[in-house]
Amino acid sequence: IILQVVYNANKFSSLVAEKRKCQNWLDYYQIKYSRNPSTKPTTKTGFLGICGERVDAIDHYTSEIARISGEISTEREKVVSNRDAIMPAAFVSFKTRWAAATCAQTQQSRNPTQWLTEWAPEPRDVYWDNLAIPYVSLAIRRLVIGVAFFFLTFFFMIPILFVQSLANIEGIEKAVPFLKPIIEMKVIKSVIQGFLPGLALKLFLIFLPSILMIMSKFEGFISLSTLERRSATRYYIFQFINVFLGSIITGTAFQQLDNFIHQSATEIPKTVGVSIPMKATFFITYIMVDGWAGVAGEILRLKPLVIYHLKNWFLVKTEKDREEAMDPGTIGFNTGEPQIQLYFLLGLVYAVVSPILLPFIILFFALAFVVYRHQIINVYNQEYESGAAFWPDVHGRIVGALVVSQLLLMGLMSTKEAAQSTPLLITLPVLTLWFHRFCKGRYEPAFVKYPLQEAMRKDTLERAKEPNLNLKSFLHSAYVHPAFKEADNEGDDSDEDLVSTKRHQSKHSSKHSFSSLPEDPERSLL
């Protein structure tokens, strides 16, 4: 057994990052001076180098690095020796898969609040910034974020209402009658009714994933994969309520507000049923503007190209900066996966109601398959291995989309002559939910637990094939904080292949011990 105690090393990590930044500036000015020895580079010591006393740049950053190095040594000694810096959590690595599975999946103490164990994320997947969050504060943080997400979701309906009103030419003419001659122009009218609503909605949503990721980090989750799964779930819920339901219900209610307010409760399903086919044109436009254009933008990578050139002009100082600016990053499951599932929901809902929408959906999925397959294989980096942890969430959202499509079909049928068949349709969501419960109970444990039989089989097979295999050296440093590794291996890039130094970290603290799952999800030795 190898034990890695969790330290509160956030301040130490920030000092290492500050030293790295100063070292980068020092390299830049040294290169600049080597190209023009007749002129020594200078810099100002104030904010962003635009104010303060002008000094010799090389001497300034050399002294800064020396000062920060001293602070790093002091802080490291403080972290290692101070008991308050030791968090009540640890990474525990085992020699065999069987031992790791047994420890991770059993209760260790009679007291259910002590010696809690769970599978640890693999080393690249750990989010170190959240390691110092006290366990007792996690419930409060998640409650706060839950309330904040509720208000973010439902108050966002205000700009959605405005977007939907843009598709109503008559409403705009009533609000601003002096613009009627301009609005009635054929080109302007087609733009307002066709592309403007979908484009405006896309602009509103462009900053949403970053906000949701910040909220997930505040909750204190311990791995990048968990952060992305939580952000993906919230992003899908947000789009379901605001883009889908908001466009169907509020858009139609906006057009029929007087009738909607004065009608009885039994008539509301009819109003919703009528609204579904009425918004098919809007969703066709949305698929073209957001889906088709998004896939084209993905293969062209115009946004990363623009960002790279902006960084190259204003931020790149050394070759290391240029390599970081050119890094393609990861595919971003927290945004791409819920977006694709929204189109899947639209396809299920409109397959019966307005089948004319299906060719647009099918073409989107065909393009997305070709493009994203190419991007995953040839462009993006794999940041971590989560062992297919996304699939249970994806399956749940697919079943949810199927239930929603069945309920909306019932609402639509109640407005037609076949209203008597509506009670018979109740069996569809009931059977679908039963199927989901069956799949959840039958197959979900395979994604969250590791069978002891499989662990024993692989341990036996490994001992027979590789009797001299020794992972102790790797396990000894696998869960050391990256800041400690960087401080120990300055100027040595030999460990970069083992542990990524870009996007590290997450983990909640408490009396948690973590049986670790390594980079290969089947090797439960860590």
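Glycine is no exception: its Cβ is also placed from the backbone N, Cα and C atoms.
Just so it is clear, the model here is predicted, and its values are computed rather than measured.
Straight from TrEMBL, the features:
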type     : residues : note
COMPBIAS : 489-498  : compositional bias 'Acidic residues'
COMPBIAS : 501-511  : compositional bias 'Basic residues'
DOMAIN   : 4-130    : domain 'CSC1/OSCA1-like cytosolic'
DOMAIN   : 141-413  : domain 'CSC1/OSCA1-like 7TM region'
REGION   : 486-526  : region 'Disordered'
TRANSMEM : 143-167  : transmembrane segment
TRANSMEM : 187-214  : transmembrane segment
TRANSMEM : 235-254  : transmembrane segment
TRANSMEM : 342-373  : transmembrane segment
- request: Could you tell me what the rest of the chain brings near the transmembrane segment (342-373), counting residues at least six beyond its ends with Cβ under 8 Å?
  value: 236, 239-240, 243-244, 276-277, 280, 283-284, 287-288, 291-292, 295, 298-299, 331, 336, 398, 401-402, 404-405, 408-409, 412
Query: Where DSSP helix means H, G or I and strand means E or B, what are the helix, strand and coil counts for the domain 'CSC1/OSCA1-like cytosolic' (4-130)?
result: 71 helix, 24 strand, 32 coil
Query: Taking all residues of the domain 'CSC1/OSCA1-like cytosolic' (4-130) together, what is their mean pLDDT?
result: 85
